[in-house]
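Quick notes on the structure that follows.
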Amino acid sequence: MTTEAGTVPPRRWASGRLADAVPVLVTTLVVLILWYAGAAWLNLPQAEEALTRSGKPFGGLDLLLQTYSMKRPILPTPDQVVVELWGSLTGYPLTSPRNLLFHAAVTAQAALTGLAMGVALGTLLAVGIVYTRTLDASLLPWVIASQTVPILAIAPMIVVILGNLGFTGLLPKAVICMYLCFFPITVGMVKGLRSADPLWLDLMRTYSAGGLRAFWSLRLPASLPFLFASLKVSVAISVTGAIVGELPTGGQAGLGARLLSGSYYGQTVQIWAALVMAALLSVLLIAVLRGIERLVLGRGGVR
Amino acid sequence: MHSPSPSRTNGATGQPAPAPIVEARSLSLVYPTADNRPVTALSEVDLTIARGDFVSLIGPSGCGKTTLLRVIADLEQPTGGRITVEGLTPEQARLKRLYGYVFQAPALYPWRTVERNVMLPLEIMGIPRAERQARAREELQRVGLSGFERKFPWQLSGGMQQRASIARALALKPDLLLMDEPFGALDEITRDHLNLHLTQLWRSTGKTCVFVTHSIAEAVFLSTRIVVMSPRPGRILDVIDCDLPRERTLDIRESPEFAAIAHRVRDGLKEGHSYDD
């Protein structure tokens, strides 16, 4: 993937060749058709009930249109979600809890803080594992075991314990994100720090370079492509972690809180709008990450 | 000439004694293996390399030529015998960065530009930035890579990459250049070109070169002395003086003198059963 980034200049997108766009358009179209079909099917009983209750006679088309305009559908249609999303983004100021960007910002803050903590922890563990034989044997099983515990089970406990220690708000959420995303970082960095070619290491030896120098000038730069691969995984699960972390707090802000309040009141359209917002947030963060990757690895990152 | 070491000067005249740059006596290296059948990579190797020589180590795979080079560079530790480099142990010589090493592969760091690759050893030595850059440019010019300073390794051909790695070894300004089949992976045309380049470089800089190869023509063309080695166990069979004129062109390979030396090398390899199997 880095190979592409280096050899093909970014104008590939701008040039917008139709042939490139066709598969994307076809996929989108198929998804939309399936979505509308699913909405009609799932909302049918509700719609039928509503029309029957109104007492007016109705035909097949009336029924179909009714499935697409329910107030609290089982599955909202894409247009309903878009309208809800658009209304939330344009109808309220950024500081309003009714604006989804406000919630997205709260979630992003927790996710990015957690990601930074996860990178620090993951890198530290990887350095320990790579440089210390005993840690290599003893630490990795624990790291793997930590990931077999479902986050939904451990998240409330983290919130409770940290709350008890006086930490509320951002930190508990960030810790949950860190818990989720240090793992790919550790795995990637262990591989990355070991990825240096034996000849590159021999070369350092012929320069009588110390261990620290070999780390900074060789092992760390050699590991960066691996770090970015891990980061792409981590940033997405970090957003998930932040949302999960917002659930048990019954929080006032954040996409997770928005999902929770939506489900309290059966506001499925609101839930879906928040879900789409969460997906957009992840996409945005990954795009930013790709930009940083291109900047950091540059043309030299092509391997 | 000023020699810092009194042991290397001849007391009577004050002239430097012709101290060998590398001296090995009964050098052995045995690798232990899991199945208790140790592999003898080097057996009783005696070798003296004089200052200014171009010495080729030639032999089939497994004859220990690369191992011998790595022992000189302190990348491997011998299990028996003695070896000195510039009168020091190989480790002391390595710590004082007295040699430059060129590997089989260019081993350039892909995230650094060509120039910054050449600057790396100077960076480690703590040489100021301006001087680092000047020296890197000088060495790149010497190997004919001016104008490629800002390129990344992957943007260069294999031959150019290997030249960059030679420039990197030269940047340390070592008296001793150790080269492990540096042109082994290149096509013959590029190889001829680089051989010519290398012999000119050696003549103009007056460095001592130890060069591992498995090409007879390459060894005869480049060397002042050729060390013929044989496998199982790795040992020296013959040391052949290669007294062609120091200034050499590719045409020299057509001369009868060249053919005679090549013949002797081939005989030496035959004697070591290198052509059996």
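Glycine too: its Cβ is placed from the backbone N, Cα and C atoms.
If you look up TrEMBL, you'll see A:21-42 (among others) marked as transmembrane segment.
Among the features that TrEMBL reports, transmembrane segment is placed at A:100-127 (among others).
Among the features that TrEMBL reports, domain 'ABC transmembrane type-1' is placed at A:100-293.
For A:139-164 (among others), the entry in TrEMBL reads transmembrane segment.
With a cut-off of 8 Å between Cβ atoms, the residues of this chain six or more beyond the transmembrane segment (A:170-190) that come close are 109-111, 113-115, 117-119, 121-123, 125-127, 129-130, 140, 143-144, 146-147, 151, 154-155, 158-159, 162-163, 223, 226-227, 229-231, 233-235, 237-238, 240-242, 244-246, 249, 254. The annotation transmembrane segment is assigned in TrEMBL to A:170-190 (among others).
Annotation source TrEMBL lists transmembrane segment at A:222-244 (among others).
The transmembrane segment annotation in TrEMBL covers A:264-289 (among others).
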Leading contact stretch, A:21-42, A:100-127, A:139-164 vs the transmembrane segment (A:222-244) - CB distance under 8 Å: A:100-127
Same-chain residues near the transmembrane segment (A:21-42), Cβ under 8 Å, at least 6 residues beyond its ends: 64, 67-68, 73-78
Same-chain residue ranges lying at least 6 outside the transmembrane segment (A:139-164) that approach it to Cβ under 8 Å: 125, 128-129, 171-172, 175-176, 179-180, 183, 186, 190, 241, 244-245, 247-249
Residue numbers, six or more beyond the limits of the transmembrane segment (A:100-127), whose CB comes under 8 Å of its CB atoms: 85, 88-89, 94, 139, 143, 170, 173-186, 188-190, 192-193, 227, 230-231, 234-235, 238-239, 241-243, 245-246, 253-258, 273-274, 277-278, 280-281, 285
